[in-house]
Amino acid sequence: MASPAMVPLRQLFVDGEWRPPAQGRRLPVVNPTTEAHIGEIPAGTAEDVDAAVAAARAALKRNRGRDWARAPGAVRAKYLRAIAAKVIERKPELAKLEALDCGKPYDEAAWDMDDVAGCFEYFADQAEALDKRQNSPVSLPMETFKCHLRREPIGVVGLITPWNYPLLMATWKIAPALAAGCTAVLKPSELASVTCLELADICKEVGLPSGVLNIVTGLGPDAGAPLSAHPDVDKVAFTGSFETGKKIMASAAPMVKPVTLELGGKSPIVVFDDVDIDKAVEWTLFGCFWTNGQICSATSRLLIHTKIAKKFNERMVAWAKNIKVSDPLEEGCRLGPVVSEGQYEKIKKFISNAKSQGATILTGGVRPAHLEKGFFIEPTIITDITTSMEIWREEVFGPVLCVKEFSTEDEAIELANDTQYGLAGAVISGDRERCQRLSEEIDAGCIWVNCSQPCFCQAPWGGNKRSGFGRELGEGGIDNYLSVKQVTEYISDEPWGWYQSPSKL
């Protein structure tokens, strides 16, 4: 029997060097496809976070900031572009590691690596553009003053990222933070840290100055919590669950520390009766089953017009049964395992609860018959939903789509907004004006028209309501990591003249 593919053995990345964790502990890496242990990651703790934050602070202040924080954006851009080039050079290796680590189909993981490189390139451009934005003048009503603005890095930032897009979600935070001149400590999810540690290797290879990016892997309570509460961290950016987001806000509050939160979702996709059914079916399934259904923005609540519901559901079942569920490294895989046994059991519980509450499982909901091991769940479509059901209200984070019918546009809007979340939404219709109306009516940070899930680093990303606040990516993405300073100068030769001058002796 062939031995399992193993992941590289790495340490923590602190101050430009590999360091063993202070307490010497390590966590197993489990391949969700085979359930086999394929390596280990270091289990960092508060001592390691302290060292990483100290390294980041030293890098920020080195040479009074001239080496990084106050260096021209063009200097930082060179490093970001070098990282992007190395990611592309190592794309096959990185994509395979991500497939092994979190179960993502290889083709998706390879696409993610292109996006990782593209994001570093984009924020390299933004770093250079920042040079041109410096000292921008402000028009004032008094000619005796002139004013300009400086945009300065906010400082040391703590970045806490999830396991569904391990390297890409980390890049969404690292690239703009470094472009802005910040230094950073990254704490990736303990369920998928492998490619983030390989990013550290890339940073070392391209000569990124020591301490600019530090990576501490480990459990949330042991490493993430000390990072978010650290008094020498100036900002925290987090992507993950609503419950963890609340804890991060609470830990930041005593220091009035800014946070950016991208949390959960239960996003709607609204399909009207004027669509090409097969095109709409494919986008509907892609919107929910992409990345094995583990997407914050998954459009996992399908609202389908009553007139076409029966035919649409039949075609969805046919398409879903045609999705290749397999080892992520198999050619043509379109659905791999969910990331861990814990997630697997949680998703199965959601499905069984829905069934016990009266919902109908149209297809899926079980392990594929041909896969004896691994955390696999067939693409699942559930109907006969009521709006009080758990499956309608709670984020499943797996390949589970729930379906509800509507008759009027107003009803569709009401159902679409019947959620505590507001990350994304989609509408599919041949009526452009109707699509425009719904894009305005749905309460979410991102709306897709006649598609679902496309995401580009050139456009802002973030949610409303319990999906968090702040926007990443886009031209404003770098501003998350900048502090604006106004510099106002009195330019008149005349004295100010507010106080009466004392008599000269």
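Yeah, the Cβs are placed from backbone N, Cα and C, and that goes for glycine too.
Annotation for Leu191 (Na(+) binding site): same-chain Cβ neighbours under 8 Å, separated by at least 6 residues, are Cys102, Trp163, Val339, Ser340. Per Swiss-Prot, the feature Na(+) binding site maps to Asp101, Leu191; the stated evidence is experimental evidence.
The feature NAD(+) binding site is assigned by Swiss-Prot to Thr161, Pro162, Trp163, Lys187, Pro188, Ser189, Glu190, Ser241, Phe242, Glu243, Thr244, Glu262, Glu395, Trp461. Of all Cβ atoms in the shown protein chains, 17 besides its own fall within 10 Å of the Cβ of Phe242 (NAD(+) binding site). Under the three-state DSSP scheme, Phe242 (NAD(+) binding site) falls in the helix class.
Note: Asn164 (site 'Transition state stabilizer') has non-local neighbours Cys102, Ala192, Thr291, Gln294, Ile295, Cys296, Val339, Phe397, i.e. same-chain residues 6+ apart with C-beta under 8 A of its own C-beta. Feature annotation from Swiss-Prot assigns site 'Transition state stabilizer' to Asn164.
The local packing around Glu262 (active site, proton acceptor), expressed as other Cβ atoms within 10 Å of its Cβ over all shown chains, amounts to 28. If you look up Swiss-Prot, you'll see Glu262 marked as active site, proton acceptor.
Per Swiss-Prot, the feature active site, nucleophile maps to Cys296; the stated evidence is sequence analysis.
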Near the Cβ of Glu395 (NAD(+) binding site), how many other Cβ atoms are there if near means within 10 Å?
22
Quick one: Cα separation, Asp101 (Na(+) binding site) versus Phe242 (NAD(+) binding site), in Å?
24
Pairwise Cα distance for Thr244 (NAD(+) binding site)/Glu262 (active site, proton acceptor) [Å, integer]:
11
Lowest local Cβ density among Thr161, Thr244, which the record lists as binding-site residues, within 10 Å:
Thr244
Can you tell me how many other Cβ atoms are located within 10 Å of the Cβ belonging to Trp163 (NAD(+) binding site)?
21
